[in-house]
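Peer 1: Would you mind keeping the following structure in view while I ask a few things?
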Amino acid sequence: MGKGAALSNGLLKKIVLSYTYVAIWIFLSFTVIVYNKYILDRKLYGWPFPISLTMIHMTFCSSLAFLLVRVFKVVEPVSLSRNVYLTCILPIGALYSVSLWLSNSAYIYLSVSFIQMLKALMPVAVYTIGILFKKDTFKNSTMGNMMAISVGVAIAAYGEAKYDSWGVLLQLLAVLFEATRLVMIQILLTSKGISLNPITSLYYVAPSCLVFLSIPWIFVELPVLRESSSFQFDFAIFGTNSLCAFALNLAVFLLVGKTSALTMNVAGVVKDWLLIAFSWSVIKDTVTPVNLIGYGLAFLGVAYYNHQKLQALKAKEAQKKTQQADEEAGRLLTERESNGSADGKKGDSQA
């Protein structure tokens with residue numbers, strides 16, 4: 001009875017902690033998205049400089065990551081050679097910088113709710129690019145599911161009340177670059193046995209992002225910022241915004257480390273629905289019935305995609321356990337045969 005109660009309490013504690021990590025990640029992800037929208041939207045805070053905002057984030061995150069890795073030694077740095085940094089980290093940093101620049105730019109033109117609907121295309125982009133780079137295999141069922149997601153997003157776009165072609169292009173390109181970055185992480189890092197958690201990722205990648213972002217910033221935003229001499233850097237706004245962005249990376253570290261990447265994907269779907277509801281009820285963005293029908297179809301496709309991944313993960317774990325059991329049985333059989341052989345030789349010598 002006592003043992004069963006202890007097991008039950010341990011399981012309950014684990015479930016409560018998992019839901020707590022999910023709630024923290026959803027809250028911080030929600031906050032960063034809405035905060036970025038508030039800063040960049042001309043009708044709200046009115047500071048439409050997405051490259052500058054992303055550079056502020058990268059500067060803040062680089063500094064804090066350096067302190068956590070080198071000064072406070074919260075996590076151990078990964079040993080990377082100069083060749084690995086140049087051939088693996090820099091390309092990922094370049095893709096990440098463009099992805100952040102484009103996705104933040106989209107907030108100037110599109111509503112929060114519509115951006116979340118367009119982000120539903122991420123599994124489609126990751127799967128397609130994975131096939132192109134031979135990291136994934138083509139399956140008719142999976143491709144059919146991807147088509148359903150795409151059709152759902154197209155319906156949602158058709159029903160968008162404040163459709164902006166430039167904003168849609170920016171967000172779609174952001175999805176494309178982010179999907180490419182995720183596949184490149186598998187090809188350039190995971191395949192080489194290099195594993196970076198969110199803190200070490202920021203430690204290595206954020207400085208390179210800052211360098212890459214400075215190139216378009218010099219030509220696109222710096223001249224405009226120089227002309228608007230009335231601007232005063234608001235440490236309260238940009239400091240708390242950057243802190244939220246860094247805290248989100250720590251939340252990813254907790255969520256994936258204590259649960260799984262799949263849990264984060266599922267939590268992401270919940271977050272998207274909450275953002276759509278918030279965008280409609282608080283920000284007063286227009287969400288049409290056609291929007292909801294289209295995103296509902298895309299949502300079902302994403303949910304089924306996550307379900308397939310979960311089943312594949314379970315099958316892989318079961319296969320791994322079976323293989324381990326077979327190896328253990330083989331080892332025991334070998335030991336028995338060797339012991340039997342030794343006993344037989346001993347009996348012969350005594351005779």
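Just so you know, glycine gets a Cβ as well, placed from its N, Cα and C.
Remember, TrEMBL labels are computer predictions, not curated facts.
Positions annotated as transmembrane segment by TrEMBL: 16-35, 47-72, 84-102, 108-130, 165-189, 201-220, 235-255, 262-283, 289-306. Annotated domain 'Sugar phosphate transporter' per TrEMBL: 20-306, in sequence order. The region 'Disordered' annotation in TrEMBL covers 321-351.
Looking at the shown structure, can you explain where the listed features end up?
Peer 2: Below 8 angstroms of C-beta separation, residues 112, 240-241, 244-245, 247-248, 251-252, 254-255, 258-259, 263-264, 267-268, 270-271, 274-275, 278, 283 of the same chain, each at least six residues beyond the ends of the transmembrane segment (16-35), sit close to that stretch.
Taking Cβ pairs closer than 8 Å, the transmembrane segment (47-72) reaches residues 36, 39-41, 97, 100-101, 104-105, 107-108, 199-200, 202-203, 206-207, 209-210, 213-214, 216-217, 220-221, 224-225, 231, 238-239, 241-243, 245-246, 249 in its own chain, all 6 or more past its ends.
Residues 50-51, 54, 57-58, 170-171, 173-174, 177-178, 180-181, 184-185, 188-189, 192, 194, 204-213, 216 of the same chain lie 6 or more positions beyond the ends of the transmembrane segment (84-102) yet place their CB under 8 Å from a CB of it.
Within the chain, the transmembrane segment (165-189) has long-range Cβ neighbours (under 8 A, six or more residues past its boundaries) at 87-88, 91-92, 95-96, 98-100, 102-103, 105-106, 108-110, 115, 118-119, 121-122, 125-126, 128-130, 133, 135, 157, 195-196.
If you look at the transmembrane segment (201-220), the same-chain residues 6 or more away from its ends with a CB under 8 A from one of its CBs are 51-52, 54-55, 58-59, 61-62, 64-66, 68-69, 77-78, 80, 85, 89-90, 92-94, 96-98, 100-101, 246, 249.
Among residues of the same chain six or more beyond the transmembrane segment (235-255), those with a C-beta under 8 A of the stretch's C-beta atoms are 21-22, 24-25, 28-29, 31-32, 35-36, 39, 45, 53, 56-57, 59-61, 64, 197-199, 201-202, 263-264, 267.
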Peer 1: Going along the chain, which residues at least six beyond the ends of the transmembrane segment (108-130) come within the CB cut-off of under 8 Å?
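Peer 2: Sequence-distant neighbours of the transmembrane segment (108-130): 33-34, 37, 40-42, 48, 50, 136, 142-143, 146, 149-150, 152-153, 156-157, 160, 162, 164, 166-168, 170-172, 175-176, 178-180, 182-183, 186, 272, 275-276, 278-280, 283, 285-287, 291, 294-295, 298-299, 301-302, 305.
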